[in-house]
């Protein structure tokens, strides 16, 4: 049984997502925590990852150097910042390690680096690893094809005060899903802010609104508004554990993949629906 397990390295082990990932890894069948990493200079270096996550000693010591744990993991799970993730990507590409990437806020060059690396290693890259969010994206695709051409489309998202990028990666994924269903490019139809005398709403655009407040884990709504009616599709996360479980489910799914770039729709088989 042990030989069949996937060993995961968790980057950002001391962060909110990192601790959830450690907890989830201990309870998910087929997953073995292999390594835990934090940035150089962190006060958490040398700590036991299990104690850090509040689950007791597990014998995995928090390190800062991937090279020291190269032989301890099969899949690296990364929910950090773009600059750090790209450095980890280069390491994994060099050493043939698969990756699950939940980091958001990449520019186009960063996204291209991920696409390039996926020619050699297997990567699941998703804006959101919640099963519910990815089901929502499928619903948005279907709704956009039916209502999108004659409704006003708005995306509203809310997150905690510590989130540093806006709109959220999930909100952008929602916009891209809707735009693609309407044979549009999101860059050509997105409206990210409104202030002052804006004039009437431009038909065919997709608006975005962002809230940053308190400890909101994540709330996303897409509104399709027509005269006399509107459809709203909403997802609300109440625990980060849903993202952690989805990420580790992705790591298990990568077991049979040699290379390629995938997302949660692939992991969940949503494209066949």
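Each residue, glycine too, has its Cβ placed from N, Cα and C.
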NAD(+) binding, same site as 12, 13, 14, 15, 16, 17, 102, 103, 104, 126, 127, 128, 129 - Swiss-Prot member from 38, 40, 154, 157: 38
Entries of 14, 103, 126, 128, 159 which, being recorded positions, have CA atoms within 10 angstroms of residue 170 ((S)-2,3,4,5-tetrahydrodipicolinate binding site): 126, 128
Nearest-integer angstrom distance between the alpha carbons (Cα) of residue 169 ((S)-2,3,4,5-tetrahydrodipicolinate binding site) and residue 103 (NAD(+) binding site): 9
Residue 39 (NADP(+) binding site): tally of other CB atoms within 10 A of its CB: 14
